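Annotated in TrEMBL:
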type	residues	note
TRANSMEM	6-26	transmembrane segment
DOMAIN	63-499	domain 'Amidase'
ACT_SITE	LYS123	active site, charge relay system
ACT_SITE	SER198	active site, charge relay system
ACT_SITE	SER222	active site, acyl-ester intermediate
Amino acid sequence: MNIPLRIVGILLRVLNVLLLPLVKFVGGSKRRTPFPEIRNEMLQVPAVDLAERIRNKELRSEDVVRAYIQRIREVNPLINAVVEERFAAALEEAKKADELIASAQTIWLIKTYPLLGVPFTVKESCALKGAPLTGGSLPRRSVKASVDGEAVANLRASGCIPLLVSNTPEYCLSWESYNHVTGRTLNPYDSRRTAGGSSGGEGALIGAGASLFGVGSDVAGSIRVPSLFNGIFGHKPTADVISIKDHFPNSTDPKFRNLLTVGPMSRYAKDLPTLVHVMAGDRASKLRLDETVYTRDIRIHYLEDFGFNLALPSVDEEIKIAMFRAVQYFKDHGLHTERADLEHVGEVLEIALCKLQALEDVPDIFENRENPKEKHSLLLELGKAMIGKSQFTLAGVVFNILFNTKYLFSREEQQHYLKLADDLKQQIIDTLGTDGVLFLPSYPTAAPRHYQSFGYVTGVTYSMLFNALGLPGTQVPLGFNKQGLPIGIQVVAAPYQDRLGMCIARELEAAFGGWRAPQ
């Protein structure tokens, strides 16, 4: 056990309690209601069905794109999720898609452009050619992506049409999407609450019905946590299956691609396998997504929390109850269910953070592209950020210090926790095999209030652990708590068994309703 790290976690929890009255005052006491209802039926069609209807000339891509543009314009003033749009270009691409459909054979279209004419959105960090790639950083505010990231390129090659790039924290270094370039993204279910991060812009747009699906990225829960907070599905694939090429920020350390993953965020579970298949490109065969999976053959393991740990926030009872309802649903349908008995869960915080600390090349928010030799005083920038006088965000500075500090673990402790990570990963693989999944929280609570992220920061361990272990995880919405906020769980599988989690997600969507629009 790393005592200093535990003390920091406990102090953050205490700070959260002490500052809650101030957070409520600053964040506002009234929930913004009502949220604009979705009136256009086209906005509620899953991507795979929408592609089929466009191919069959039942719908025109141009009309679908216009409908999403209208919805984005309607809701973005309420959630502030858009960094930059490309609506005019998207409409031109939609017209070309309709022209191609009018002249081509359906079989050829299915094989060549399986998602032709379907609009989507992109997290700014995932590189959309010609769009901003600022990382939410003022010193980078003029930077544009020179190419598409590989996952984005694969979606465009399948016929998808990008509408915009969405908001992130500075350098993706927070679980609240705020930066000094675009500002703060709000949760569509309660504007006093965070949309999460770092894929918070995507989460808010998709949850608001303003995007059908989007490209997110996840190094420490950054797909699954905002998917949870915004009531949608999100899949973090097995490490190094979907390319992270041209993602910003990135690292030259080869270990980074085992931590950072790019993956889909979607309103509908049925879209996830197709989106993963397309985004993975030539690597998709590793996941055997074309194999038929029968829910009845999947074994369910579950873990409601990581046990008593003062450094971690307690898991909300409503999340635990939602998980137990899901487990009972499968038990009632004849599936094997049992509580997981995993070793080392009392040290998951150390295991997860040690993996990040082991990186040799960490992105630096203070890097000056024009003057690489420029140096910043960390303490000075921290002080300036605390009073709002820095060009960098407080979260960015704090996390930059954390990731560049190599003193949290001694060399002996690092070796110890890396060994525990290997042992825990192997135990999970042995437990789940090729036909089992693990249910557990994606995060201990529903979306916290704005400014509360620091107090709850260790709660991201529930998601970050599976980046550290390289295992796939699918966030699944399971309704709402008493405050009307989305809740859900993640479904984890062994490496390259992503199809199992996505299969369970679709079953749970049918049983518990999946995404439901903000009211």
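Heads up, the Cβ atoms here are built off N, Cα and C, so glycines get one too.
Features as recorded by TrEMBL, highlighted on the structure.
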| residue | record | Cβ neighbours (10 Å) |
| --- | --- | --- |
| LYS123 | active site, charge relay system | 32 |
| SER198 | active site, charge relay system | 33 |
| SER222 | active site, acyl-ester intermediate | 35 |
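For the pair formed by SER222 (active site, acyl-ester intermediate) and SER198 (active site, charge relay system), distance between Cα atoms is given as 5 Å, rounded to the nearest Å. Confidence in the domain 'Amidase' (63-499), given as mean pLDDT, stands at 95. Calculated from their C-alpha atoms, the gap between LYS123 (active site, charge relay system) and SER198 (active site, charge relay system) amounts to 9 Å.
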